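Summarising the annotation, TrEMBL assigns active site, nucleophile to 31. If you look up TrEMBL, you'll see 33 marked as active site, proton donor. If you look up TrEMBL, you'll see 31, 33, 247 marked as Mg(2+) binding site. Residues or ranges marked as substrate binding site by TrEMBL: 191, 222.
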């Protein structure tokens, strides 16, 4: 029985077992990439799954470490891929949560130096967080003579396709001040692309700065708890009545475990059932905490349970 399964059991469930599990939950949290969609293609049945869950009174949220888009652009993507009832308030990205952390928790009094893309910058702007203006540094500008802003009180690292040596060097200089906060949107090391290629993720850039500055970043996104605290603070979520569905063991599943949620791995993204079973036999506490309670081939498997 799904409802009676233990923590980290890695149980593959279908049909009636999925139905029983969903009946015991009020809130369903989905990762996006590899769960709801792959690139610009919705996972088969995903729009219908979200519609039926909401129709049956479930609260559905989307929690993503992908910081490349602001929430309003995510709404546009959901609509473009056939999701008809996803609102901006349902979406919690690492960019949005980083902006919320800087504004509401750190209450930073000064500027933020951002290594990040448009999604990060737009969420900070929406939150009223002041950023260092981007310099159009010429090819002859170096860390020896470039200007540094004395009002910087935090460094935030996210996904940045224009990451370069000068950005890294400037961030190192700011972080020599022990009072300067060091934040990262998420720890994802890489992301899959079409054709078998990959792109380095925010975690790779953060690791470079951690090495260069000899400091550790506070990570805002999954698997840290702050993203769930953001949702719970706005919607009063009970962890015991919540299910986290994701495709990555080290972020999605570990996030669910860290926050006291039931966890489900879907096999349409990064992690595999073999990896989950290997983690189950590991002596590493973190790997054991990354083992899902449940496994499904795809969230398409929800349809049978929801349409009965």
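Including glycine, each Cβ sits where the backbone N, Cα and C put it.
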*Taking only the Cα atoms, work out how far residue 247 (Mg(2+) binding site) lies from the residue listed as 'active site, nucleophile', in Å, as a whole number.*
7
*What residues, ordered by sequence, lie under 8 A Cβ-to-Cβ from the residue listed as 'active site, nucleophile' and sit at least six positions away in the same chain?*
62, 63, 64, 65, 222, 245, 246, 247, 248, 251, 252, 269
*How many Å lie between the Cα of the residue listed as 'active site, proton donor' and the Cα of residue 191 (substrate binding site)?*
9
*CB within-chain contacts under 8 A for residue 191 (substrate binding site), separation at least 6*: 33, 66, 198, 199, 201
*Go through 33, 222, the listed recorded positions, and name the one with the sparsest Cβ surroundings, counting other Cβ atoms within 10 Å.*
33
*asked:* Suppose we draw a 10 Å sphere around the Cβ of residue 247 (Mg(2+) binding site). How many other Cβ atoms does it contain, all chains included?
replied: 27
